[in-house]
Amino acid sequence: MRIVMVGSGYVGLVSGACFADFGHDVVCVDKAAEKIAALNNGIMPIYEPGLDALVASNRSAGRLSFTTELGPAVEAADVVFIAVGTPSRRGDGHADLSYVYAAAAEIAQSIKGFTVVVTKSTVPVGTGDEVERIIRETNPEADFAVVSNPEFLREGAAIDDFKRPDRIVVGVTDDRARGVMTEVYRPLYLNQSPLVFTGRRTSELIKYAANAFLAMKITFINEIADLCERVGADVQDVSRGIGLDGRIGSKFLHAGPGYGGSCFPKDTLALVKTAQDHDSPVRLIETTIAINDNRKRAMGRRVIAALGGDVRGKKIGILGLTFKPNTDDMRDSPAIAIVQTLKDAGAIVSGYDPEGIDNARQMMDIAFASGPYQVAEGAAALVLVTEWNQFRALDLPRLKSLMVTPVFVDLRNVYRASEVEAHGFDYHAIGKAD
Ligand code: UDX
């Protein structure tokens, strides 16, 4: 299959490289000339484990290329994926579809022969209908079908998620397009990954429902964690105790500082807006958003409480700034609200992150350290915000010797109270009685 990815951001790039690895011919297109130039020099615009090697091997095999020229690529394509951004629109929280619609109009001009146009970007219900209308209006002669095929890739594990998906969802009604999509995913299909064929609107909603459900699941365990602290229970044991019930499932039950990232905050908000527009409010999700927003600031207040209520002039070190490990993504990271709350209370904040410092510089005005031990120097408290592997086996005596007061706030429950306390720390975890 000849595949074009319109948009070489996170989703387009990972999907394009993986499709090429399946043996398809893939052209990734992007308007950002610097990005394409960098990719043509083997430089990745994002940090994703394994991506540079995957791109390099498929480029040298001649199956993957990068260009700013959409027209010729689309002319030759069997399938064109739209993988452009759908950020929250300023002001109203709806998904901003202007990039999707602009891509559709541009693709329409170059369609030759039967072409399947697939929306991979996360788009509200009904967007496929509008993409179809735009293509027909722009090029009434075009022979095409519009399909919805949402992605379920986790940052930091995106390549593995692509190659070993729990399922592939394809919203398609046209038989020819269904055949093409089966061909596109054949290697996974042969590998027993279930292909769920459904209507286009249903497929669009599946993506939002999945992300909203996961956001709700995290938020549920976060509230249970708060309750655990009050009643003297242990949230990790509660997670295990409920998660072993197959109807609940053990994943996404790690209590923490609240979810962030490029998907959950944006997609939950967009779902709420769509539901309100259709007079069918999703109140559980509305509440989930409100609880999660409050939680991030509450985590900052928890650090202040751990220091006895006054942090003025005290140095506080943050371990981990990205919204999760193995990414450099800072979008909606809990660290942003936590740092702000601490700074508002007069603390002097410093932070370290293995990959996120460049992005963090754009978002927060704090001192950045070169490693976890430098963060600890002179600190009144250390706050573990992101569970990077390199924070899992810190030299606790060394950390303590560098700090002014040995307060350790572990917002990801990485450590065991007994081991940290044995080294003389005042240790605070999530969802456990102090
Ligand atoms: C998510 C979805 O998992 C993916 O399917 C979708 O396509 C895009 O959004 P991602 O945002 O990369 O992926 O990260 P994910 O691993 O899902 O984590 C999201 C947030 O939830 C992070 O802030 C993470 O720390 C938090 N989280 C996750 C928890 O606090 N507890 C958990 O148990 C799981």
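Using the three backbone atoms N, Cα and C, a Cβ is placed for every residue, glycine included.
Summarising the annotation, TrEMBL assigns active site, nucleophile to Cys263. According to TrEMBL, the feature NAD(+) binding site maps to Asp30, Lys35, Thr86, Thr122, Glu155, Lys266, Arg331. If you look up TrEMBL, you'll see Phe152, Leu153, Arg154, Glu155, Lys207, Phe252, Leu253, His254, Ala255, Gly256, Gly260, Lys324 marked as substrate binding site. The domain 'UDP-glucose/GDP-mannose dehydrogenase C-terminal' annotation in TrEMBL covers 317-417.
The most crowded of the binding-site residues listed here (Arg154, Lys266) is Lys266, judged by how many other CB atoms sit within 10 Å of its own CB. With a cut-off of 6 Å between Cβ and the nearest atom of ligand 1, the binding-site residues Thr122, Lys207, Ala255, Arg331 reduce to an empty set.
Shown in sequence order, Lys296, Phe323, Lys324, Arg331, Asp332, Ser333, Pro334 are the residues of the chain, 6+ apart in sequence, with a C-beta less than 8 angstroms from the C-beta of Gly260 (substrate binding site).
Cβ neighbour counts within 10 Å, taken over all protein chains shown, single out Lys207 as the most crowded of the binding-site residues Lys35, Lys207, Arg331. Ranked by Cα separation from Lys207 (substrate binding site), the recorded positions Thr86, Thr122, Glu155, Cys263, Lys266 are led by Thr122. Spatially close to Leu253 (substrate binding site) yet at least six residues away along the chain are Lys217, Ile218, Ile221, Ser239, Ile242, Gly243, judged by Cβ distances under 8 angstroms. Of all the Cβ atoms in the protein chains shown, 26 others lie within 10 Å of the Cβ of Ala255 (substrate binding site).
For Cys263 (active site, nucleophile), the nearest of the binding-site residues Asp30, Thr122, Ala255 in terms of C-alpha separation is Thr122. Every protein chain shown contributes to the tally, and the Cβ of Phe152 (substrate binding site) ends up with 18 other Cβ atoms within 10 Å. The two recorded residues, Lys35 (NAD(+) binding site) and Arg154 (substrate binding site), have Cα atoms 22 Å apart.
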